[in-house]
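Novice: This is the structure, below, for whatever I ask next.
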Amino acid sequence: MAKAPMRVAVTGAAGQIGYSLLFRIANGDMLGKDQPVILQLLDLPQAQQAVKGVVMELEDCAFPLLAGVVITDDPKVAFKDADVALLVGARPRSKGMERKDLLEANAQIFTVQGKALDEVASRNVKVLVVGNPANTNAYIAMKSAPNLPRENFTAMLRLDHNRALSQIAAKTGKPVSSIEKLFVWGNHSPTMYADYRYATVDGKSVKDLINDPVWNNDVFLPTVGKRGAAIIEARGLSSAASAANAAIDHVRDWVLGTNGKVVTMGIPSNGEYGIPADTMFGYPVTTANGKYEIVKGLEIDAYSQEKINITLNELEEEKAGVQHLLG
């Protein structure tokens, strides 16, 4: 028997990431090749015409799994009964804009969206915040939706995770698929800490294979942390297809499970590994039956603790910067 369609809300639907994302969702890449979807697309009033153009293209692909499309500039229409919500749209940083102003501009957007999700989304909605600053935007949305479970709100660290994977694959000369137990701690920003101390490639320790602390500090972490800036420098535009791909990976694994494989998700802390409760923090997780679980019992050495503290301090500062807007 055919499955009932799942409702997938996407904000910033007319944007670059949205354009890279929607066709893959409609093709079944995110929720499975047997799962029909209804896309509920949100964007600003001035972007409605552009969204209509994207929808024409979606129609022209004749995707068997696409059961319907809604276009709107009203969050309450976009999030109505949503099973999955991808919050992609965010205020980008414009020239001369202070980080504080960026935080405040986004706080307003994500407060409105959090409240709308709280009112109209499915009680089991899975929310992924892609729009930057992703961790803090996810924190704001979560705090604005007191009637939804906190664990329904997540931030995207999967792009950092995938970037780290590809760097390790290149360094070891091994395929990406052979690398396991690599993960990322903290904020989706250059302070994130990609940790390969427990990673294996074909069952062998990556740390032993590479055995190069200088490469770790001077090449690996800066390359992963500043990859977004390097792409803007090279392409003149921010990373869109890779961000969309990471969003699909994140939701697919959350919904369909990782079969014991460790991945990275930005999730609200319950105090694990000494991170203050409610902090939206990148953690190593496994997922099954639509739920994620933090990998327990990892030893945090002095070097790792120092790196985790740096990214945590940045997140605490961001959190403090928006607290007055949360009432």
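From the backbone N, Cα and C atoms, a Cβ is placed for every residue, glycine too.
Per Swiss-Prot, the feature active site, proton acceptor maps to His188; the stated evidence is sequence analysis. Per Swiss-Prot, the feature NAD(+) binding site maps to Gly12, Ala13, Ala14, Gly15, Gln16, Ile17, Gly18, Asn106, Gln113, Val130, Gly131, Asn132. Residues or ranges marked as substrate binding site in Swiss-Prot: Arg93, Arg99, Asn132, Arg163.
Tell me about the setting of these features in this model.
Specialist: Sequence-distant neighbours of His188 (active site, proton acceptor) (same chain, 6+ apart, CB under 8 A from its CB) are Asn132, Pro133, Ala134, Asn135, Ala155, Met156, Leu157, Leu159, Asp160, Gly266, Gly282.
Neighbours of Ala14 (NAD(+) binding site), defined as other CB atoms within 10 A of its CB across all chains, total 21.
Cβ environment of Arg163 (substrate binding site): Ala194, Thr223, Val224, Arg227, Ser242 lie under 8 Å away, each six or more residues apart in the same chain. DSSP assigns Arg163 (substrate binding site) to a helical segment in the three-state reduction.
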Novice: Quick check for the class: what is the C-alpha distance, in angstrom and rounded, between Gly12 (NAD(+) binding site) and Arg93 (substrate binding site)?
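Specialist: For Gly12 (NAD(+) binding site) versus Arg93 (substrate binding site), the Cα atoms are 15 Å apart.
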Novice: Return the count of C-beta atoms lying within 10 angstroms of the C-beta of Gly12 (NAD(+) binding site), excluding that atom itself.
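Specialist: Other Cβ atoms within 10 Å of Gly12 (NAD(+) binding site): 24.
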Novice: Per residue, counting other C-beta atoms within 10 angstroms of the C-beta, which of the binding-site residues Gln16, Gln113, Asn132 reaches the highest number?
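Specialist: Answer returned by the neighbour count: Gln113.
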Novice: Please find, for Gly12, Ala13, Ala14, Gly15, Gln16, Ile17, Gly18, Asn106, Gln113, Val130, Gly131, Asn132 as listed binding NAD(+), the greatest distance between any two Cα atoms, in Å.
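Specialist: Site span for NAD(+), by Cα atoms: 20 Å.
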